[in-house]
Amino acid sequence: MDKTFSRFGKVAVLYGGWAAERPVSLKSGAAVLAALQESGVDAHGIDVDRDILSVLQAGHYDRVFNILHGRGGEDGVIQGALELLGLPYTGCGVKAAAISMDKLMTKRLWLGAGLPTPNYRVLTAETNFAEVVAELGLPLIVKPASEGSSIGISKVTEAAALKPAYEAAAKSDPVVIVEQWITGAEYTAGLLAGEPLPLIRIEVPGVLYDYEAKYISNDTRYFCPSGLSEAEEQAMRALALEAFATVGGQGWGRVDMMRDQQGKAWLIEVNTNPGMTDHSLVPMAARAVGMDFQTLVLRILETTL
């Protein structure tokens, strides 16, 4: 092992898991593991199952690169387990991970801090859906509160479609929210060690930047530089940093935003373990500032030191 990287010790790369986002995590984990090993880091991949505590203890690891996505890996669960073992790990801590995985809690914190996020309501089977439409207007977007990779989301353009959209989302999560639809451009800001990476503007062929658009489609278009003026870009980057700090974010992550037709930025959600696949956004933003994938992965791992 290159002595430059001996300071990391033996590194466990956690991926896979049991969440709906398992396939994405497997791809992210394979890429991260290969980058670390090619850099000379003593890295070992672990496809996480319920016996992860005993596996980590038996392996005598020094730190963890957590690239699990979704429930169990991005919601404070694995973070709490790693805290018990005393293992340093990449990404947010227990509290920030749990908050950020829950879109409802995230929005409540942002609103409490006076940050801009679309108006919303919590939906249940007893909701008067007509009243929600009257209050929030159309179109709307329905989301499971604690699902990632845009799983279970749908756009609602007519009142009669709201209840079926709720029922579909409720199959993924018992807590479902509906938000006002923001008409405009979608942007994302990668964050690394307290600094924002360049914004990426996203254009999708369909109506939603959903699972297929994120990980499968080759028709989704990404623009970095984003096309904004320097002042507009800096303002949105600063908003992303504030949003991340408000939920207690640390290490690295990503904040997704919309910019409406009047030029106002709206916070949509936080991702505390962003994807690291060939379609992923943080590596794309890093490349825009001359940071290759291996360097990015090492910079993320350095946040555990």
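In case you wondered, yes, glycine gets a Cβ from its N, Cα and C as well.
If you look up TrEMBL, you'll see Glu21, Ser149, Ser280 marked as active site. TrEMBL lists Asp256, Glu269 with the feature Mg(2+) 1 binding site. Look at TrEMBL and you will find Glu269, Asn271 tagged as Mg(2+) 2 binding site. Annotated domain 'ATP-grasp' per TrEMBL: 107-302, in sequence order.
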In this structure, which of the recorded positions Asn271, Ser280 has the fewest other Cβ atoms within 10 Å of its Cβ? Ser280
Tell me, by DSSP, whether Asp256 (Mg(2+) 1 binding site) is helix, strand or coil? strand
The number of other Cβ atoms within 10 Å of the Cβ of Asp256 (Mg(2+) 1 binding site), counted over all protein chains shown, is 21
Check: min Cα-Cα distance from Asp256 (Mg(2+) 1 binding site) over recorded positions Glu21, Asn271, Ser280 goes to Asn271
To the nearest Å, how far is the Cα of Ser280 (active site) from the Cα of Asn271 (Mg(2+) 2 binding site)? 12
Using other CB atoms within 10 angstroms as the count, which residue among the recorded positions Glu21, Glu269 scores least? Glu269
Calculate the distance in Å between the alpha carbons (Cα) of Glu269 (Mg(2+) 1 binding site) and Glu21 (active site), and round it to a whole number. 17
